[in-house]
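> Can you keep this structure in mind? I'll have questions shortly.
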Amino acid sequence: MTNKTLDLSVYFIAGAQNFSECSLDGATQKIALIIKSGVTVYQFRDKGTIYKEQKQRLSIAQKLQKVSEEAGVSFIVNDDVELARELNADGIHIGQTDESVSKVREKVGQEMWLGLSVTKADELKTAQSSGADYLGIGPIYPTNSKNDAAKPIGIKDLRLMLLENQLPIVGIGGITQDSLTELSAIGLDGLAVISLLTEAENPKKVAQMIRQKITKNG
């Protein structure tokens, strides 16, 4: 791990599957460009289903980790604890159906950031004492970026959930440019986005917009 602080404000999530029209090299290049556009965190969310050989996935993860390090961006691995350990990533992010936070913490140690996804109020309550370093709450709005996404929380219930929270929070799910102002006013530490950046004509402009909204109201 090289990044000792975690700025959650512009949290980018993607894998090669988010650029299905591209070759693996093309997808990797597009992700690298977005990493260098001003994001603060990059989460390598790549389930490995599109590779002929798993060593291709490791190679791409290593390339994107290097890009992240050079850009001063925290590199976090989604779900795959062994990959996070092999890469000595800055962090690991897990969901409610993965191994428990305590078990993952035993494997990765105290030096690696550990994020946990939360989809409803009772999960948020339990997460407070789980040992996670930060939480990803969502989906806030309906989203097409994740096939197995839970029911949208909505801005009203999200506000109520945040009143009971003591941990750094990243909002995720269906975030568009039109929703940035609404989201910036409720006390989130960052916004996690996929399509808002992968489909942007100017990722740098979008990343700057997110950061300005979050830091202005943070």
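Note: Cβ is positioned from N, Cα and C throughout, glycine not excepted.
Fair warning: this is a prediction, and the values are worked out from it, not measured in the lab.
From Swiss-Prot, for reference:
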BINDING   Gln43, Phe44, Arg45, Asp46, Lys47, Asn78, Ser117, Lys146  4-amino-2-methyl-5-(diphosphooxymethyl)pyrimidine binding site
BINDING   Asp79, Asp98  Mg(2+) binding site
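Can you tell me where each of these features sits in this structure?
Under DSSP, Lys47 (4-amino-2-methyl-5-(diphosphooxymethyl)pyrimidine binding site) is assigned to coil, being neither helix nor strand in the three-state scheme. Within its own chain, Lys47 (4-amino-2-methyl-5-(diphosphooxymethyl)pyrimidine binding site) has Gly15, Gln17 as residues 6 or more apart in sequence whose C-beta sits under 8 angstroms from its own.
DSSP assigns Asp79 (Mg(2+) binding site) to coil, not to a helix or a strand. For Asp79 (Mg(2+) binding site), the same-chain residues lying six or more positions away in sequence with a CB closer than 8 A to its CB are Arg45, Ile92, His93, Ile94, Gly95, Asp98.
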> Cβ-Cβ under 8 Å from Phe44 (4-amino-2-methyl-5-(diphosphooxymethyl)pyrimidine binding site), same chain, 6 or more residues apart: which ones?
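Listed in sequence order: Gly15, Ala61, Leu64, Gln65, Phe75, Ile76, Val77, Asn78, Leu83, Ala89.
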